[in-house]
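*Asks:* I'd like to ask you about the structure that follows.
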Ligand SMILES: CSCCC(=O)C(=O)COP(=O)(O)O
Ligand SMILES: [Zn+2]
């Protein structure tokens, strides 16, 4: 075994080095990580598990996974020290964006998709009065989102879900400062859309990141279809029944 291989060797399917390849294989079937785009990273205790760059994400193996220690990084997280590096690869270009979710939000998992629905929503927003914020309310699936950072419970049916949009940059890593700024401006958001590119979604753990990403993709698809039917994303609906 080469140095660090023990960090990605486990018979437990829930081990991050096994989970990242199996999640990416599922995400590929949804069109989230096609053509090497998109990906997923997991942070467990101090260890961050990262996919290689430019590989077919649905075909990855546990032995392809990078591992770094958050505590061992310098304060800027720019000079990254890997505990395990597979030969022949570079780490994902999304690494600094995933690290932002782990360090600024204490997330346990961050997913980046190139979903058509996410891209279409950012294109539709371009020609609106509010191109930098996706907003939707009065849709049941909104309940699939947490209320926000360090808050308990989920959003309610009548709450408005708001997802900020940042502009794309020629290089994925250059998105980091804009993603971090969007997090600061929108402390309760669990996702940031990237115009003409996709979306970053995170959660306290893998289950929450995955279900929030699924809920969001459902809402993006619904929003695109609503726009086609000239239906508004924000509506005034009088609450019915007891308000809890
Ligand atoms: C055709 S994918 C372009 C890069 C990108 O947007 C992405 O999400 C994947 O980056 P990685 O370095 O993880 O391959
Ligand atoms: Zn991308």
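Cβ coordinates come from backbone N, Cα and C, glycine included.
Annotations in TrEMBL come from automatic prediction, not curation.
Annotation source TrEMBL lists active site, proton donor/acceptor at 140. Residues or ranges marked as substrate binding site by TrEMBL: 94. Annotation source TrEMBL lists Zn(2+) binding site at 112, 114, 197. Annotation source TrEMBL lists domain 'Class II aldolase/adducin N-terminal' at 18-224.
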*Asks:* Please determine which of the recorded positions listed here (94, 112, 114, 140, 197) has the lowest count of neighbouring CB atoms within 10 Å.
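*Replies:* Comparing Cβ neighbours within 10 Å for the recorded positions 94, 112, 114, 140, 197, 140 has the fewest.
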*Asks:* How does the model score the domain 'Class II aldolase/adducin N-terminal' (18-224) in terms of mean pLDDT?
*Replies:* 96
*Asks:* I want to verify one value. Collapsing DSSP to three states, which class is residue 140 (active site, proton donor/acceptor)?
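*Replies:* Residue 140 (active site, proton donor/acceptor) sits in a helix per DSSP.
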*Asks:* Could you measure between residue 140 (active site, proton donor/acceptor) and residue 112 (Zn(2+) binding site) for me? Cα positions, answer in whole angstrom.
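*Replies:* The separation of the Cα atoms works out to 24 Å.
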